[in-house]
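Feature annotation from TrEMBL assigns repeat 'PPR' to A:78-112, A:180-210, A:279-313, A:314-348, A:484-518, A:585-619.
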Amino acid sequence: MHRRSTRKLLSDAIQLLLHHHLKPRKSIEECKQIHAKLIRSNQTPLQIHIFNILLNFYSQCNDLCSARRVFDQMPHKNVVSWTSLISSYALHGFLRTSVALFTEMLESTVKPNTHTFSFMIHECTTSCLSVLGIQIHCLVIKFGFEKDEFLGSALVDFYLKVWNNMDEAFRVFDGLWRRDRVTWNVLISGLADVSDVGEVLRLFREMRVADELRPNDYTLTSLLKCCSLIIEVDQIHGLAMKYGMESDVVVGSGLVDMYGKCGKLDTGRKVFDSMEVKDIFSWSSIIASYVRNGSPEQAVTLFLHMCRQGVKPDQHVLSSVLRACAEAGNLESGIQVHAQMIKNAYQADCFVGSALMSIYANAKELGSVEKLFRRIENKDIVAWNCILMCYAQKEELATFYSISLFRELCQTSTVRPDMATLVALIASCQSVLDLAVGIQIHGLIMKRRVGCETSIGNAVIIMYSNCGSIIDAYKAFDDIVNKDEISWSSIIGSHLQNGFELEAVNICKEMLAEGIYLTSFSLPLCIAASAKLAAIDLGKQFHSFFVKLGLEGDTFVGSSIVDMYAKCGNVEASQKAFKELQEPNVVSFNTMISGFARQGNAAKAIELYGEMEKMGIVPNGVTFLALLSGCSHMGLVENSLAFFNIMCQKYNIEPEPEHFACLVDVLGRAGRLEEAYCIIENDGSVLAWKTLLSACRNYENTKLAEKCATKVMQLDPTDHSSYVLLSNLYSREGKWKEASKLRQKLVNVGGKKNLGSSWLM
DNA sequence: TTAGGGTTAG
């Protein structure tokens, strides 16, 4: 072929490259045509150049086989041909083939140049090939390329990222012929990654003074990573404005992120709004900022806005917005984001999966949590801890599930349990039945010598308290080296939970003597202890702490004061404390309604319920229990029936045994025994049947009493009271035979009448 | 040929 036609082929190949993005499918065909002509052509130096263009072209079109064919068909190959194919294989994920080809090249007549070595070192960095990187560095020295600035930048990056070896990185850096902005940026970025702020600032100054180089967007990004104070972020922001990089998508996103982390959400938002180009990083940064700064609703709104703009969510933004849904307690949005997660195929992602798990865990959807956990591919310790915390909240067999999963973690995963794992594991022990397991887990904690750690020790205190072992709880408290306010409130709470109110108050005094202040956690516990002891003077002292500590805005603590006064019998003081609550919630209302009910003032209780409804506060099961108990004490049958219906029908609340018992009590006292029987016929509990049974005794309705007693005996055969009650009824009616039979039956099932006792004896 | 940013629990 003539020289002219080769030139034509070259111009065709260049045209091909230029127009490829316009008509990709057509250009592959054109490429094949040029390729065919080229094979038939004579050899000219230009030919290698055209072959190289075609090789790169096929590679860009993801047709590696054709790229390889071009390479194999080349009569002569140069360094560009070799380097192109080596990089093509690596970029398409065929790292071994790429390295094999590099080795083959070393044995060929064509020698690698600085481009080839730069690429290979870069590959060693991204794929973390630590030993191969050093071997290639030796070759670089052998070939005399070590002073090259391009290759040097790649080597500095390699030593910092793969080996974390600053000395070697500096050695390469100092030996370079000249340093450009990239070389400086590589070094600064590597040091910023290990948070060597002093060194980063020194280099930043030196770069500007010694080499007279202006910082660019990469430099500012590294500097931003080192910021820990708002003033530093402001300074970088100033530099970005000075050099016109404020609206650069990467620098801008970095600023948005850092302002969010420093709590200056508004400034971050201004930067975000000023950015002309926003990518998924920018959206992710601003959304995470809203979550971090306590505005989860706005984070969710922004996420929806982002989706509407056609930006495809990725795993980062999904996990941020899921955290927002969790914090806003918004299960519905969580489900919507779950749909986006499935749509964008992030089900196997550990971060997204864990964030979603906590949403379903809060909603008590344990089955969904389990499914999500199983779908995560590379589970990290956070994912494991998340499901363990979830199992710890199970109502039944929590220890069984938790221990099985912990065993699975230890036996099947390379992930190592951490402190949070042990905390989650021990939190699964919730009752005296779990004490044996709890002791074993505590043994594991002792073996690892982490019992003295505050977070673990606090969890151990709570475990022993839940399992009823207060002495061990105190020992665990004693073992903690640095007791925090949670340690103190846990041990105070433990004593209160196990009926040691006086000791709880004494420990509180000890805490105050140690110079630890009462907090919104420990104070309500002490107030509750005063209430239990009916010690109003003590309660008043704690009330004064409430004022002194400025906790008046805390509804939780405020409600405990309302409860304390009511339980101590001073309803007026209770009412006053209730009126002083700044933002009463359902708990506060329940406390006050219970206070009135306990006092026998059903009218006031009902009136307060009306106020609560007017304020738009939704009542719960506890509210209705208080109302029913108030009405039942006063014999208000119709009111009781009305509240029971409102609860079930208007608020869709499933009645608990206590609700039934109250209703049966009031009906029973009014002699409406059959009516009570009808209500509990299908779903009554032992408590309701026992209540009805005693009503039957009062009205001497032996027929119905027999039915009730049979039910109680079925539900709890060891309960003595049903046998005794019925037997007394039989005796009263002169049915001595039946009475005696029943007493014998009681002896047979092993039931024993509890002996009475009196505080006065 | 070489350099950069955002995410999960307690």
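Just so you know, the numbers here start at 1 and follow the chain as drawn.
Positions of Cβ are set from backbone N, Cα and C atoms, glycine also.
Note that TrEMBL annotation is computational and uncurated.
Listed by sequence, the residues of this chain that lie at least six past the ends of the repeat 'PPR' (A:78-112) yet keep a Cβ under 8 A from its Cβ atoms are 48, 51-52, 55-56, 59, 62, 64, 67-68, 71, 119-120, 123, 127, 132, 139, 143. Residues 555-556, 558-559, 562-563, 565-567, 571, 574-575, 578, 626-627, 629-631, 633-634, 636, 639, 647, 651 of the same chain sit 6 or more residues outside the repeat 'PPR' (A:585-619) yet have a Cβ under 8 Å from a Cβ within it. Model confidence over the repeat 'PPR' (A:585-619) is summarised by a mean pLDDT of 94. Residue counts for the repeat 'PPR' (A:585-619) under DSSP (helix as H, G, I; strand as E, B; rest coil) come to 27 helix, 0 strand, 8 coil.
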